[in-house]
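Chemist: First the structure, then my questions, so here it is.
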């Protein structure tokens with residue numbers, strides 16, 4: 001196959017959300033770090049991308065945001081693409097003293113490096129660097145205008161195959177569905193579902209509107225700087241056992257997501273309380289327990305909520321849409337210290353159940369679309385900055401493959417994803433892969449100068465839950 005490929009498709013308009021994510025001050029990117037169990041081979045990756053990734057029109061087109069006489073007419077323009085220009089192999093000393101720290105610095109510096117808008121907005125950096133968890137590392141960077149995290153992860157996983165079966169796509173754990181015992185039970189359950197849906201939707205939508213109109217997070221210790229998106233970022237990740245989380249999940253009869261959000265909230269609470277203990281008066285420490293902090297959690301709005309491979313997503317008649325198709329919910333964060341670490345998980349479950357049983361994600365998506373249609377791009381930008389600039393963190397949990405996969409012949413050890421260019425000073429993305437969970441934390445170091453300590457506190461919360469979980473199961477069995 002030739003190195004250069006001529007794309008003949010006609011120009012395509014840019015969606016409102018793609019334009020939003022390319023505006024100055026809202027230039028949002030996704031970074032995916034792939035740890036490999038084998039040494040990286042650039043030529044293999046280049047050849048693989050030629051046969052997969054660039055077949056998607058978004059990845060072989062230039063984004064024109066509108067300028068000069070064509071101002072306002074944003075569009076995708078198909079172009080010739082030289083894949084080698086998008087696969088970067090930096091010269092790295094193989095005997096570098098601290099490879100893990102080098103990887104953190106490298107990915108962090110990518111957040112400050114602008115992308116060349118004259119080329120398709122994606123790139124792969126192949127680091128021939130042996131770290132604690134990988135023999136080599138590939139770091140992919142995608143502009144958010146190409147699609148939301150679900151779309152981009154699907155596209156990336158479409159480039160992979162099962163290690164045990166090189167022709168098979170990755171598989172994912174399917175969510176369990178409750179089966180009704182009889183028609184009457186099914187009817188009652190359906191009616192109860194509708195009642196709960198209407199109630200929770202009204203409550204959560206009203207809360208969301210009140211927050212947009214009046215509220216804002218008040219802790220300078222963890223808030224991003226207003227309007228700032230490109231600042232001194234730091235990206236770190238840790239790998240923990242999925243079984244440890246499932247142990248707590250089973251002990252409390254909750255979901256993995258409940259446990260993850262609970263441990264994040266526990267770690268964040270301890271972190272912020274420690275910061276206040278060191279830097280403020282006792283009166284301020286009391287006020288910390290009452291301040292209103294909020295997180296943003298994204299929901300996939302596609303009918304099929306599992307990550308799909310690109311072949312299924314792009315197939316004719318697929319129920320899964322391509323592009324930015326996500327909603328968000330606003331989650332209150334309790335900073336009051338709890339004597340019982342499980343209380344954080346209980347709070348997380350109560351909050352998340354209300355969100356999951358409401359239409360708030362659809363409302364938030366619809367609000368952004370209506371704002372765009374009525375007030376235009378400037379109004380949409382103002383609303384987005386109002387919402388995301390007044391919240392403390394972004395939290396996301398992505399379900400990954402349940403079996404080991406290979407990326408163009410490179411066996412994958414882990415996958416860590418994150419987003420940068422957002423106003424929040426804290427971005428936590430948790431990605432599952434086989435029997436692992438990868439916690440990826442992105443911070444603004446001017447606001448959170450010690451992200452490793454924050455990550456330690458989050459993982460320590462899980463250890464505390466694990467230590468107490470067997471006793472909790474024993475107590476429950478006796479009761």
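Keep in mind that glycine also has a Cβ here, set from the backbone N, Cα and C atoms.
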Chemist: Ranges 149-165, 166-182, 183-199, 200-216: which does Swiss-Prot label transmembrane segment?
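Modeler: Matching range for transmembrane segment: 183-199.
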Chemist: Who are the long-range neighbours of the transmembrane segment (183-199) in its own chain, taking Cβ under 8 Å and residues 6 or more past its ends?
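Modeler: Contacts of the transmembrane segment (183-199) (Cβ under 8 Å, skipping residues fewer than 6 from its ends): 357-359.
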Chemist: How far is it from residue 253 (N-linked glycosylation site) to residue 144 (active site, proton acceptor), counting Cα to Cα, in Å?
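Modeler: Cα-Cα distance, residue 253 (N-linked glycosylation site) to residue 144 (active site, proton acceptor): 36 Å.
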Chemist: Taking the Cβ of residue 253 (N-linked glycosylation site) as the centre, count every other Cβ atom within 10 Å, in any protein chain shown.
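Modeler: Residue 253 (N-linked glycosylation site) is surrounded by 9 other Cβ atoms within 10 Å.
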Chemist: Let's check the environment of residue 144 (active site, proton acceptor): how many other CB atoms sit within 10 Å of its CB?
Modeler: 24
